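Notes follow the structure.
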Ligand code: THU
């Protein structure tokens with residue numbers, strides 16, 4: 001069993017976290033308000049920070065044809081890429097779950113991995129506390145662009 005490294009910050013997101021990350025989590029919480037999720041009623045928001053400090057947000061967008069639904073993280077990344085930004089520093093994810101940090105699905109992990117292994121994912125709770133892991137930690141032994 002491989003060990004997973006994670007840094008948990010149960011400090012309500014403001015004491016030890018860099019200000020830009022506190023802001024990123026709050027932007028993810030704000031993006032969550034736009035979630036279109038009439039089928040799951042599970043709201044998710046994401047806020048993506050590029051290397052040059054541009055911010056892109058996304059929410060989950062579901063569909064009556066269930067399998068066409070898109071996750072918040074992927075929407076944020078697609079927005080950034082479609083505007084010419086592909087180098088990312090961090091992404092924050094927010095949901096309404098108070099008892100666990102919202103964890104990105106496998107598809108979103110692979111989508112993140114496309115744009116590098118060494119950037120940060122902040123999985124948060126509504127009180128602003130978060131769990132930080134890199135993309136590589138979330139998706140070890142991954143298949144990526146260099147494998148083709
Ligand atoms: N969802 C996200 O948007 N991101 C996650 O990290 C987990 C799941 C969405 C997909 C679907 O609209 C709803 O949450 C329930 O799975």
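Cβ atoms are placed via backbone N, Cα and C, with glycine included.
Sequence annotations record features per position, and here TrEMBL assigns domain 'CMP/dCMP-type deaminase' to 19-146. The substrate binding site annotation in TrEMBL covers 60, 61, 62, 63, 64, 65, 66. The annotation Zn(2+) binding site is assigned in TrEMBL to 71, 105, 108. Annotated active site, proton donor per TrEMBL: 73, in sequence order.
Structural mapping of features recorded in TrEMBL.
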residue: 60; record: substrate binding site; CB count, 10 Å: 24
residue: 61; record: substrate binding site; CB count, 10 Å: 16
residue: 62; record: substrate binding site; CB count, 10 Å: 18
residue: 63; record: substrate binding site; CB count, 10 Å: 12
residue: 64; record: substrate binding site; CB count, 10 Å: 8
residue: 65; record: substrate binding site; CB count, 10 Å: 7
residue: 66; record: substrate binding site; CB count, 10 Å: 9
residue: 73; record: active site, proton donor; CB count, 10 Å: 29
residue: 105; record: Zn(2+) binding site; CB count, 10 Å: 12
residue: 108; record: Zn(2+) binding site; CB count, 10 Å: 25
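Checking the binding-site residues 60, 62, 63, 65, 71, 105 against ligand 1 with a 6 Å cutoff on the Cβ atom leaves 60, 62, 71, 105, in sequence order. Non-local contacts of residue 71 (Zn(2+) binding site) by the CB criterion (under 8 A, 6+ apart in sequence, same chain) comprise 44, 46, 60, 104, 105, 107, 108.
Residue counts for the domain 'CMP/dCMP-type deaminase' (19-146) under DSSP, helix first, then strand, then coil, are 42 helix, 33 strand, 53 coil.
Summarised as a single figure, the pLDDT of the domain 'CMP/dCMP-type deaminase' (19-146) averages 98. You'll find the Cα of residue 73 (active site, proton donor) roughly 20 Å from the Cα of residue 65 (substrate binding site). For the recorded Zn(2+) site, residues 71, 105, 108 set the reference point as the centre of their Cβ atoms, and the other residues of that chain within 8 Å of it by Cβ are 72, 73, 74, 104, 106, 107, 109, 111.
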